[in-house]
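K.L.:
Not my notes, these are from TrEMBL:
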- C80: active site, nucleophile (ACT_SITE)
- H182: active site (ACT_SITE)
- E184: active site (ACT_SITE)
- 5-188: domain 'Glutamine amidotransferase' (DOMAIN)
Amino acid sequence: MDVAMIDYGRGNLRSVERALEKAGAKVRRVEDPVGLKKAELVVLPGVGSFGDAVDGLKQRKLWEPLRDWVRSDQPFLGICLGFQLLWEEGEEAPGAKGLGIFPGRVSKFQGHGLKIPLIGWCEVRPKGDAEEFFQEADRFFYHVHSYRPESVPSEFLLCETEYGGWYPSGVRKGRVVGFQFHPEKSQQAGISLIQSALNIIRGG
């Protein structure tokens, strides 16, 4: 499978690249719109802030092609910040618009005594028919983030994580899939999840 992994100059992509390769993908790093052509699937990883990611993608003229890609239900996997960008907006970057696949916004964790950012291994709870994604018995995945989506329509919820309340940590709308946590840092359970996601997304 030919996978275009978007590189917009933010963060170390090598761990994501290695995980995709272990899952059987042939990975190309893409830094401009031309690189998206002929891709069977686009992966958008990322760490950092919502606004910086939008700016980085726009600077490389990737924003509009990426938005067209996901809005036309082309195969897509978003990880961490790439997951958050699927919403309309982010609290940490007022005025910056996301890809708008899901309504609402991404906001900071709220709750007395919560350590922010959330860093560590948390159990995720699959929802609906999401079991096909989670082939391993191990449901613990590595999380590192301060913001999370406030909500998502239930028909698009793949899994959720509890931290000061349950929040969406995995979504699917057609062939567009995203995870808030880091499967690439989650050992065998993460590789298995990526492999399942690639197969399911490709199959539609």
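Every residue, even glycine, has its Cβ placed from backbone N, Cα and C.
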K.L.:
Far apart in sequence but close in space: which same-chain residues, 6 or more away, have a Cβ under 8 Å from E184 (active site)?
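P.N.:
Within the chain, E184 (active site) has Cβ neighbours under 8 Å at S15, V16, R18, A19, L20, P45, I79, G190, I194.
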K.L.:
Would you identify the secondary structure of the residue listed as 'active site, nucleophile' according to DSSP, in three states?
P.N.:
coil
K.L.:
Taking the Cα atoms as reference points, how far is H182 (active site) from the residue listed as 'active site, nucleophile' in Å?
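P.N.:
So the alpha carbons of H182 (active site) and the residue listed as 'active site, nucleophile' sit roughly 6 Å from each other.
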K.L.:
For C80 (active site, nucleophile), what residues in its own chain, 6 or more apart in sequence, show a Cβ-Cβ distance under 8 Å?
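P.N.:
Set apart from C80 (active site, nucleophile) by at least 6 residues yet with Cβ under 8 Å, we have P45, G46, V47, V144, H145, F179, Q180, F181, H182.
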K.L.:
Across the whole of the domain 'Glutamine amidotransferase' (5-188), what does the mean pLDDT come to? Round it, please.
P.N.:
95
K.L.:
Could you find out if DSSP has H182 (active site) as helix, strand or coil?
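P.N.:
Going by the DSSP assignment, H182 (active site) falls within a strand, counted as strand.
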K.L.:
Including all protein chains shown, what's the count of other C-beta atoms within 10 A of the C-beta of H182 (active site)?
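P.N.:
I count 20 other Cβ atoms within 10 Å of it.
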